[in-house]
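J.: Sending over a structure as C-alpha cells; questions will come in a sec.
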Amino acid sequence: EQQKYLNAKKYVKLFLVADYIMYLKYGRNLTAVRTRMYDIVNVITPIYHRMNIHVALVGLEIWSNTDKIIVQSSADVTLDLFAKWRATDLLSRKSHDNAQLLTGINFNGPTAGLGYLGGICNTMYSAGIVQDHSKIHDLVAIAIAHEMGHNLGMDHDKDTCTCGTRPCIMAGVLSCEASFLFSDCSQKDHQEFLIKNMPQCILKKPLKTDVVSPAVCGNYFVEVGEECDCGSPRTCRDPCCDAATCKLRQGAQCAEGLCCDQCRFKGAGTECRAAKDECDMADVCTGRSTECTDRFQRNGQPCKNNNGYCYNGKCPIMADQCIALFGPGATVSQDACFQFNREGNHYGYCRKEQNTKIACEPQDVKCGRLYCFPNSPENKNPCNIYYSPNDEDKGMVLPGTKCADGKACSNGQCVDVT
C-alpha cells in the first residue's frame, strides 16, 4: 500500500495570491503581476517534476483594491493571518491543495518566507508566504519552492546534506545563486512524510480546464490546446509525442493513459484496472479513448460480512474508522456513548446548517460524531471522540456507513438503503 502510494504521480494544485504592495510595486499593472506569477510557476514546475510532483496553478488572486489580511513585517503573524483567511474564505470559493502569498513587504530580519512544516492537504496549514525579494524571478520561485517544500514535509538542510551543487533548495539561508535541486536529505524527509501521512489531496489530477496559467509545451502536463506533453525535445523519450509541438505524431492515437499501448487505443473490453475489493468492479477500456473509467458496485450492496453497505466503491464501517482514528486496538464504543450526539454542542451533533450545529434525532445518533474505545493502557475511557477545531468534519461517522439494519448515514441522518 505504501509503495503504491509513493509510486503514484502527485499533483499540487497551487493557488497564488499577490498582495496590494505587489500591485503597487508593478505599477498597478495587473498584466505585469500576472506575468510575474506565471514566470515563477514555470520555474517551480520542473523543480518539482524531479520529485514526481506536478505543480499546477489553479488560481491566482491579486489584491488590487486593498489587502484582505493585515500584511505585516512580522512573518509569523502574516503567515497565521493568511492561513486563517485561506481556511475561512478562499477554500470555500476555490478548491486547491496549497496557497502561497507573494508580498511586496519587507519581513523582519533575513526572513524571505515562511511555511508550515507538513501542512499539505490540511485546511489550516497548507500555506506559505514569500517576499518578492529579488528582481530575478528564478530566486523568488526558488523561495516559493522552499516554502512548499516545508508544506510537503521537508526541513532545512544540515551541513552534511548535498544535491551535487551547493546550496540546495532547502538550505536554511537564502542564497544569491539559483539552485534548482533538492538535497538527499530533502528527498528523504519528503518520502518519510508521505509514508507517515499519505496526504490524499495530491493524488487527484487537476482537469486541463482547472489550470489558469497559459499552456507551456514541455512541462510534462497536457494542457488546453495540447494532445501530449513529454517534456522538452532534449529530454522527451515518448515515441508517440512530438515534443516540439505537443501534438501526437502522425498515426498515433494516444501517448499516455491506462488504455493506451504503443500509441494506439487498447481494444474495447480490455481490463485496465482490477477490482480493488468487493465494492469495486474491474474497469475496462472502451476502445475509443485512453480513459480507464472507474466503475464500482451499486450503492447499498452488503459488504464486509453484512457489517456494511457499499458506498461510492468503498465499504465504510465504524470499526475501520475507529482504527484509523485511534490505532489498531480500537473498537466502536457502546451505544450509550452515541447519545452525546443529541446535545448539539461543539462536538456532539449530526450536521451543520449555515454553521449552526444540529443535534441528532434519537434515530440518527450513529450518524453524528463517532465514539470509539481505544483499548490502550493509558486510555480506559469508554467514550472517546476525535475532535479538532481546525477540521471539525474529521471524526464524524463517514457518509454511507451502516447505522442500523437496512440503513446507512446520509447527511447526518440514518436513512433506508435503496
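Glycine is treated like the rest: Cβ placed from N, Cα and C.
As annotated by Swiss-Prot, active site applies to Glu147, with the evidence given as sequence analysis. The Ca(2+) 1 binding site annotation in Swiss-Prot covers Val216, Asn219, Phe221, Glu223, Glu226, Asp229 and is backed by similarity to another entry. Sequence annotations record features per position, and here Swiss-Prot assigns Ca(2+) 2 binding site to Asp280, Met281, Asp283, Asp294, Arg295 based on similarity to another entry. Residues or ranges marked as disulfide bond in Swiss-Prot (evidence: similarity to another entry): Cys121-Cys201, Cys161-Cys185, Cys163-Cys168, Cys217-Cys246, Cys230-Cys236, Cys259-Cys285, Cys272-Cys292, Cys303-Cys315, Cys322-Cys372, Cys350-Cys360, Cys367-Cys409, Cys403-Cys414 (among others). Under the heading domain 'Peptidase M12B', Swiss-Prot lists 10-206, citing sequence analysis as support. Summarising the annotation, Swiss-Prot assigns domain 'Disintegrin' to 214-299. The feature N-linked glycosylation site is assigned by Swiss-Prot to Asn29, with sequence analysis given as support.
Help me see these features in their spatial surroundings.
T.: The DSSP secondary structure for Glu147 (active site) is helix.
Other C-beta atoms found within 10 angstroms of the C-beta of Asn219 (Ca(2+) 1 binding site) number 22, with every protein chain shown included.
Applying an 8 A CB threshold to same-chain residues 6+ apart, the list for Asp294 (Ca(2+) 2 binding site) reads Arg273, Asp283, Gly313.
Cβ environment of Cys201 (disulfide bond): Lys13, Asp97, Ile120, Cys121 lie under 8 Å away, each six or more residues apart in the same chain. Cys201 (disulfide bond) carries a helical DSSP state (H, G or I).
In the three-state DSSP classification, Cys161 (disulfide bond) falls within coil.
In this structure, Cys168 (disulfide bond) belongs to neither helix nor strand by DSSP; it is coil. Spatially close to Cys168 (disulfide bond) yet at least six residues away along the chain are Asp157, Cys161, Thr162, Ser179, Leu181, Phe182, Ser183, Ser186, judged by Cβ distances under 8 angstroms.
Less than 8 angstroms from the CB of Cys246 (disulfide bond) sit Ala215, Cys217, Gly218, Val222, Glu226, Glu227, Cys228, Asp229, each of them six or more residues away in the same chain.
Listed in sequence order, the residues of the same chain lying 6 or more apart from Cys230 (disulfide bond) and placing their CB within less than 8 Å of its CB are Tyr220, Cys236, Arg237, Asp238, Cys241, Ala243, Ala255.
Neighbours of Cys285 (disulfide bond), defined as other CB atoms within 10 A of its CB across all chains, total 24.
Of all Cβ atoms in the protein chains displayed, 19 besides its own lie within 10 Å of the Cβ of Cys292 (disulfide bond).
Taking the Cβ of Cys303 (disulfide bond) as centre and 10 Å as the limit, one finds 20 other Cβ atoms among all the protein chains shown.
Within the same chain, the residues at least 6 positions away from Cys372 (disulfide bond) whose Cβ sits under 8 Å from its Cβ are Gln321, Cys322, Leu325, Phe326, Ala330, Thr331, Val332, Ser333, Asn384, Ile385, Tyr386, listed in sequence order.
Over all protein chains present, the Cβ of Cys350 (disulfide bond) has 25 other Cβ atoms lying within 10 Å. DSSP assigns Cys350 (disulfide bond) to coil in the three-state reduction, outside any helix or strand.
Annotation for Cys367 (disulfide bond): spatial neighbours Cys350, Cys360, Val397, Thr401, Cys403, Cys409, Ser410, Gly412, Gln413, Cys414, criterion Cβ-Cβ under 8 Å with sequence separation of six or more.
In this view, Cys403 (disulfide bond) is surrounded by 24 other Cβ atoms within 10 Å of its Cβ, with every protein chain counted.
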J.: By a simple count, how many Cβ atoms lie within 10 Å of the Cβ of Cys217 (disulfide bond), its own Cβ left out?
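T.: If we count other Cβ atoms within 10 Å of Cys217 (disulfide bond), we arrive at 20.
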J.: Which numbers of helix, strand and coil residues does DSSP report for the domain 'Disintegrin' (214-299)?
T.: 0 helix, 15 strand, 71 coil
J.: Please report the number of other Cβ atoms within 10 Å of the Cβ of Met281 (Ca(2+) 2 binding site).
T.: 16
J.: For Cys163 (disulfide bond), what is the tally of other C-beta atoms lying within 10 angstroms of its C-beta?
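T.: Other Cβ atoms found within 10 Å: 20.
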J.: Measuring Cα to Cα, how many angstrom lie between Val216 (Ca(2+) 1 binding site) and Asn29 (N-linked glycosylation site)?
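T.: So the alpha carbons of Val216 (Ca(2+) 1 binding site) and Asn29 (N-linked glycosylation site) sit roughly 23 Å from each other.
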